[in-house]
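Notes to accompany the following structure.
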């Protein structure tokens with residue numbers, strides 16, 4: 001599939017994935033709205049989009065998201081962001097769909113499939129059958145015959161009547177249509193402020209566009225409630241043994257002594273007969289830990305981001321460096337699970353200041369004290385450390401990233 005911006009031929013079939021909702025019925029989550037909740041190690045929306053990315057019958061994809069969700073979207077999609085056109089949605093699903101259809105106008109597809117972003121189990125077989133049933137004057141609606149007995153209630157909550165279920169179907173998505181007629185139908189509804197249609201087939205019906213019903217898929221469920229998401233996650237984890245993306249980075253730094261009256265280690269000033277020589281504040285512990293965090297993203301080292309040749313970092317507090325590295329980790333969805341710093345030094349003694357260093361690292365990284373380890377050892381009077389010419393530090397960071405280790 002080509003990125004829309006690079007398309008050189010008219011697309012035959014496009015897909016609009018509607019994912020701009022707030023998902024209030026699914027409850028609140030630190031991961032964001034339900035389309036960004038994780039099932040089987042990946043975001044719901046990422047799994048939904050993958051079905052269309054992998055479908056050779058689909059030429060172009062537009063995804064409609066909430067204006068506030070761009071960071072969540074990029075974090076969820078990662079590698080596939082460049083192949084999909086992203087547009088901001090509106091206040092309702094109907095308005096978001098219209099905006100998605102409008103985004104395709106310059107690419108003039110012959111047909112368009114419109115799909116809920118929270119139906120992550122759409123199959124290649126269903127997509128194929130939808131395409132096989134497309135016609136220039138008809139839409140296609142996957143649906144399942146209603147199997148439950150339907151009751152209509154009276155105003156007092158008692159049963160008024162049993163509704164015959166013969167000929168009744170539960171609609172699914174993707175719903176597919178000739179592109180121009182369904183866009184025109186949405187534009188007409190918008191022009192007269194009609195926003196009460198519950199799906200695109202209803203708008204097509206309103207405009208006398210024939211819609212053919214085909215058999216849907218029982219697996220093609222919509223994730224509406226928090227329990228739906230939990231069940232989807234359980235289902236995927238039963239079907240697939242995944243290896244979480246846990247990464248470990250190491251860092252090493254050394255600074256020599258020069259005349260002075262204190263050293264700064266892990267953000268804590270410690271009185272000493274000398275200070276450490278460096279372009280910044282020479283905090284050897286934070287420098288090593290900054291490199292360790294950057295290593296978990298393959299993001300170079302501290303010199304890449306803060307070159308010692310740059311005068312703006314002269315005398316700078318190393319807190320700036322480690323918070324920058326932590327932000328890089330978090331922007332990629334990473335969670336810092338553990339950090340460990342070992343100082344190699346004859347003096348000063350680290351033990352009396354360990355608690356203060358731990359507290360400082362907790363504040364800089366936003367993690368609990370039991371995820372921070374600070375240790376020290378001597379060099380048994382060997383080498384430059386043994387001669388009290390400087391201090392070295394070794395740091396290790398463990399970070400958990402979204403997704404899993406690829407096979």
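Cβ atoms here come from the backbone N, Cα and C positions, even for glycine.
Swiss-Prot lists 1-246 with the feature region '2-C-methyl-D-erythritol 4-phosphate cytidylyltransferase'. Marked as site 'Transition state stabilizer' by Swiss-Prot: 25, 34, 279, 378. Marked as site 'Positions MEP for the nucleophilic attack' by Swiss-Prot on the basis of sequence analysis: 165, 222. What Swiss-Prot lists as region '2-C-methyl-D-erythritol 2,4-cyclodiphosphate synthase' is 247-407, and the listing cites sequence analysis. Per Swiss-Prot, the feature divalent metal cation binding site maps to 253, 255, 287; the stated evidence is sequence analysis. Per Swiss-Prot, 4-CDP-2-C-methyl-D-erythritol 2-phosphate binding site is recorded for 253, 254, 255, 279, 280, 301, 302, 303, 377, 378, 379, 380, 384, 387, and the stated evidence type is sequence analysis.
The number of other CB atoms found within 10 A of the CB of residue 165 (site 'Positions MEP for the nucleophilic attack'), across every protein chain shown, is 13. The Cβ of residue 255 (divalent metal cation binding site) has 20 neighbouring Cβ atoms from other residues within 10 Å, across all protein chains displayed.
Across the recorded positions listed here (280, 377, 378, 379), the residue whose Cβ sits among the most other Cβ atoms within 10 Å is 280. Residue 253 (divalent metal cation binding site): 23 other CB atoms within 10 A of its CB, across all protein chains. Counting other Cβ atoms within 10 Å of each Cβ, the lowest count among the recorded positions 34, 279, 287 belongs to 279. Separating the Cα atoms of residue 384 (4-CDP-2-C-methyl-D-erythritol 2-phosphate binding site) and residue 255 (divalent metal cation binding site) is a whole-number distance of 10 Å. Note: the CA-CA distance between residue 280 (4-CDP-2-C-methyl-D-erythritol 2-phosphate binding site) and residue 287 (divalent metal cation binding site) rounds to 10 Å.
Maximum C-alpha to C-alpha distance over the listed 4-CDP-2-C-methyl-D-erythritol 2-phosphate-binding residues 253, 254, 255, 279, 280, 301, 302, 303, 377, 378, 379, 380, 384, 387 is 30 Å.
In the three-state DSSP classification, residue 165 (site 'Positions MEP for the nucleophilic attack') falls within coil. In this structure, the CA atom of residue 255 (divalent metal cation binding site) is 15 Å away from the CA atom of residue 378 (site 'Transition state stabilizer'). Residue 34 (site 'Transition state stabilizer') sits 48 Å from residue 377 (4-CDP-2-C-methyl-D-erythritol 2-phosphate binding site), taking the CA atoms of both as reference points. A simple way to gauge crowding: the CB of residue 302 (4-CDP-2-C-methyl-D-erythritol 2-phosphate binding site) has 25 other CB atoms within 10 angstroms, across all the protein chains here. The C-beta environment of residue 222 (site 'Positions MEP for the nucleophilic attack'), restricted to residues of the same chain at least 6 apart in sequence and closer than 8 Å, consists of 116, 118, 119, 172, 173, 228.
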